[in-house]
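Each remark here refers to the structure printed beneath this line.
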Amino acid sequence: MTTDTIVAQATAPGRGGVGIIRVSGDKASDVAMAVLGHLPKVRYADYCDFKAADGAVIDQGIALYFKGPNSFTGEDVLELQGHGGQVVLDMLIKRVMDVDGVRIAKPGEFSEQAFMNDKLDLTQAEAIADLIDATSEQAAKSALNSLQGEFSTQVHELVDQVTNLRLYVEAAIDFPDEEVDFLSDGKIAASLGKIITKLDSVQSSAKQGAIIREGMKVVIAGRPNAGKSSLLNALAGKESAIVTEIAGTTRDVLREHIHLDGMPLHIIDTAGLRDTTDTVEQIGIERAWAEIETADQVLFMVDGTTTDAVDPHDIWPDFIDRLPKNLGVTVVRNKADLTGESLDATDEQGHKVFRLSAKTGSGVDELKAHLKSLMGYQSNLEGGFLARRRHLEALELASSHLALGQEQLEVYQAGELLAEELRMCQLALSEITGKFTSDDLLGKIFSSFCIGK
């Protein structure tokens, strides 16, 4: 870990009412003596002059001094809060760097120091960047919950439960004559079942948190000329796709990134799905299926003039049977302006069915509201947390180890192999909070932060 003292502008570049310079490290007190002429009282706001080496006043403002470990980074920290002119702030940084041993901070280095000094775990550090980047009230609140440790607490609870069960299993292994009794008395199976249930719950919350942070991928799919491109244009609010009466106009994947009340949504328009001998169209259809397989939700676009059916299995059973398991499907009966259908939404065989006209826009707002609800918009605004792709991958890995461990217990009565799967599960979960994390991953995470954070 670095022993350098670091400095950076903590406020955004450019003009502003207030500009803040942050200093962290052993030399923070030396910087205070050089720039202020005295060391401010710890945790008190001190209004004073910020001076150049020759004693000339660079600016006037408030100095705050925090003695480590009682600071954000866990080190001595000095904050100089002055006027927000960029020239003044640059002059002040240059003055701070006159002190030997002080250098410009790397992106995210203040947060990295806080992590290294156990002031934050990795999910809390990531939440700082997510809070800054939040595009909706929901995302901001969820990021704040993560910063306050809601996600970390749930992960720590899981790690503790896995660790305790592992110790119990290893104790059984230490007494080989009694190992079979230990493994078959039901206590281990019950404990393992509770952990799996808890992990499933955390995974579900994390997936919702990832959608709030990263956006939901929605693929519009269906037969040619069902109105898929018209729906893309209606959702995007602009003419993104060419729309004609000719079937097969869309031959490639079209993407639009939009926000619904701040909630990020990735909309994918695809080629119409059908049997064809056209080589180019076949490629487009293959790409359509590739997008469907990685989607969070599919909008199954149906030309309402061709069928009265609302159950997707009745409309096109082969299409539904090919979809990935657990992929959400919303049926969109289009061309209500021609069929005269009422613009309402119903539940049919576990699927939401919307009736609308992509051409006129009637009923599209109701579909947008549905998509927002799928992303968790205003759903339990006080709860929830944000999650990243790496968190989901770690939770999935932990879940797979628990499943293998359950198999070792129930099928093979193999205590040592169960203990090993529990150990691997423990490592996967601990990587989320940064207890066991590679330096390469840490570098990648913190380098994406703002300088000064």
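Glycine too: its Cβ is placed from the backbone N, Cα and C atoms.
So that you can see what the record holds, here are the features copied from Swiss-Prot:
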{"type": "BINDING", "residues": "Arg22, Glu79, Lys119, Lys453", "note": "(6S)-5-formyl-5,6,7,8-tetrahydrofolate binding site"}
{"type": "BINDING", "residues": "225-230, 244-250, 269-272, 334-337", "note": "GTP binding site"}
{"type": "BINDING", "residues": "Asn225, Thr244, Ile246, Thr249", "note": "K(+) binding site"}
{"type": "BINDING", "residues": "Ser229, Thr250", "note": "Mg(2+) binding site"}
{"type": "DOMAIN", "residues": "215-376", "note": "domain 'TrmE-type G'"}
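Recorded features from Swiss-Prot, shown on the structure.
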residue	record	DSSP (3 states)
Arg22	(6S)-5-formyl-5,6,7,8-tetrahydrofolate binding site	strand
Glu79	(6S)-5-formyl-5,6,7,8-tetrahydrofolate binding site	strand
Lys119	(6S)-5-formyl-5,6,7,8-tetrahydrofolate binding site	coil
Asn225	GTP binding site	coil
Ala271	GTP binding site	coil
Lys335	GTP binding site	coil
Lys453	(6S)-5-formyl-5,6,7,8-tetrahydrofolate binding site	coil
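Ranking the binding-site residues Arg22, Lys119, Lys228, Lys453 by C-beta neighbours within 10 Å puts Lys228 at the top.
Annotated pair Glu79 ((6S)-5-formyl-5,6,7,8-tetrahydrofolate binding site) and Ser229 (Mg(2+) binding site), C-alpha to C-alpha distance, rounded: 53 Å.
For Lys335 (GTP binding site), the number of other Cβ atoms no farther than 10 Å from its own Cβ, over all displayed protein chains, is 21. Note: the (6S)-5-formyl-5,6,7,8-tetrahydrofolate site is recorded as Arg22, Glu79, Lys119, Lys453; in the same chain, Ala10, Ser24, Ser71, Phe72, Thr73, Val77, Phe110, Ser111, Ala114, Gly452 also have Cβ atoms within 8 Å of that site's Cβ centroid. Looking only at the binding-site residues Asn225, Ser229, Lys335, the one with its C-alpha closest to Lys119 ((6S)-5-formyl-5,6,7,8-tetrahydrofolate binding site) is Ser229. In this structure the alpha carbons, written CA, of Lys228 (GTP binding site) and Arg22 ((6S)-5-formyl-5,6,7,8-tetrahydrofolate binding site) are 52 Å apart.
Looking only at the binding-site residues Asn225, Ser229, Ala271, Lys335, the one with its C-alpha closest to Arg22 ((6S)-5-formyl-5,6,7,8-tetrahydrofolate binding site) is Ser229. The (6S)-5-formyl-5,6,7,8-tetrahydrofolate-binding residues named in the record, Arg22, Glu79, Lys119, Lys453, extend over a maximum Cα to Cα distance of 18 Å. The sparsest Cβ neighbourhood within 10 Å, among the listed binding-site residues (Asn225, Ser229), is found at Asn225.
Between the C-alpha atoms of Ala271 (GTP binding site) and Lys453 ((6S)-5-formyl-5,6,7,8-tetrahydrofolate binding site), the distance comes to 44 Å. For the pair formed by Lys335 (GTP binding site) and Lys453 ((6S)-5-formyl-5,6,7,8-tetrahydrofolate binding site), distance between Cα atoms is given as 51 Å, rounded to the nearest Å. Each residue contributes its Cα atom, and for Ser229 (Mg(2+) binding site) and Lys453 ((6S)-5-formyl-5,6,7,8-tetrahydrofolate binding site) these two points are 42 Å apart.
All protein chains considered, the CB of Glu79 ((6S)-5-formyl-5,6,7,8-tetrahydrofolate binding site) has 21 other CB atoms within 10 Å.
For Ala271 (GTP binding site), other Cβ atoms within 10 Å of its Cβ number 27. Rounded to a whole number, the C-alpha distance linking Asn225 (GTP binding site) with Lys453 ((6S)-5-formyl-5,6,7,8-tetrahydrofolate binding site) is 50 angstrom. The predicted model assigns the domain 'TrmE-type G' (215-376) a mean pLDDT of 91.
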